[in-house]
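Encoded as structure tokens, the structure appears first; notes follow it.
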Amino acid sequence: MNQAQNSVGKSLDVQSFINQQPLSRYQWRVVLLCFLIVFLDGLDTAAMGFIAPALSQEWGIDRASLGPVMSAALIGMVFGALGSGPLADRFGRKGVLVGAVLVFGGFSLASAYATNVDQLLVLRFLTGLGLGAGMPNATTLLSEYTPERLKSLLVTSMFCGFNLGMAGGGFISAKMIPAYGWHSLLVIGGVLPLLLALVLMVWLPESARFLVVRNRGTDKIRKTLSPIAPQVVAEAGSFSVPEQKAVAARSVFAVIFSGTYGLGTMLLWLTYFMGLVIVYLLTSWLPTLMRDSGASMEQAAFIGALFQFGGVLSAVGVGWAMDRYNPHKVIGIFYLLAGVFAYAVGQSLGNITVLATLVLIAGMCVNGAQSAMPSLAARFYPTQGRATGVSWMLGIGRFGAILGAWSGATLLGLGWNFEQVLTALLVPAALATVGVIVKGLVSHADAT
């Protein structure tokens, strides 16, 4: 009998139980639902970058006027992420996730009917509240349903959904906007999440580890875990999470800022912040930079989509490598290469084929690294503070996204050209590399 398969009346260690079982259809369902949440999160997050050229032309506004609108959703994401983590650690992952999807779906749909910049700015901020809450809590829930041997692989695979959603926004906009206008992308990005929220209400389970830590009742925990291995769960008299003893009765903020976790938290924030500077400068402004350099609207949207699609190609490989090698070194290498290839993109404007290839590779590097960071954070923090730790990393990181979107508008306003803007990305790439490598050297905890 396996260690987790205790005799009747004995306590069942939830994580050991999950580790020892083959991945069930029930767990694959959690993977799929979290993937869909993150996919639609990515589609709505990237929407402004893709509709900006058409919106600017229709409303007769310059690029600088769109800077605050592009940043509005990112500011909302900060508040959504920072607020949702503590809520999920107190009340549960599922309810927060369903609410997040309803919020970003509803306000994305409303954004399609905005008639001026002020309306769009407010609606994009409100959309951002839901977007900011969705991703970290999907990461937390999925990480708590996955065995250690597959944790990084499955979480980074889920994050393929974010990059695929952003890329999908580019491909959809290339076809839909010329035919139906900029509103069409926002309508799609609003209706689909509202439909998904209905599915989540029925099919998404609560985290069993959360139920144990919060003492939500043996029968409820048993019902939640039974689909994985009914006989093993039926034999258990109670359920436990061993880490609970080490951090019990402490607030979530005391956990993530304690001596054990404090420095690691700061380094996670630095790394994710710098990575998002790169991602959002390119996501928000690469199509516009391409248009300014003579590319057609279709070419600009396609190359912008390639940047996101690169993350889809690399995320699974990064997760696989993290489960087998030093995860900090794996991520650090990808950030370093992101800076190198972003610089190369800036040197290749004259050849559209070479440019597209380099954009794809740059996207593979930086988006692959970014997709891996939530998995790294989820492995680092204990259950009591996991949602807060992951969501605060993503929330603080959003300031990097705001800086990236804002700096693109500022640099273009100062007259910087395509090559100069791309060269500047060497700085955040270097800082992200240093941040994650140093975290690997100083971390002494790997709470799972």
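Glycine is no exception: its Cβ is also placed from the backbone N, Cα and C atoms.
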Topological domain name match (Swiss-Prot): LYS175 vs GLY385, membrane: no
Chain residues in Cβ proximity to the transmembrane segment (31-51) (below 8 Å; excluding those fewer than six residues from its ends, i.e. six or more beyond): 66, 69-70, 73, 77, 97, 100-101, 104-105, 108, 124, 127, 131, 134-135, 138-139, 141-142, 145-146, 154, 157-166, 168-170, 172-173, 177, 182, 185-186, 188-190, 192-193, 196, 199-200, 203-204, 283-287, 301, 304, 308
Region pair the transmembrane segment (302-322) / the transmembrane segment (399-419), three or more CB pairs under 8 Å: no
Same-chain residues at least 6 beyond the ends of the transmembrane segment (352-372) whose Cβ lies under 8 Å from its Cβ atoms: 152, 156, 159-160, 162-163, 272, 275-276, 278-279, 282, 286, 295, 299, 302-303, 306-315, 317-319, 322, 327, 330-331, 334-335, 337-338, 341-342, 344-345, 429, 432, 436
Overall pLDDT for the topological domain 'Cytoplasmic' (141-152), taken as the rounded mean: 91
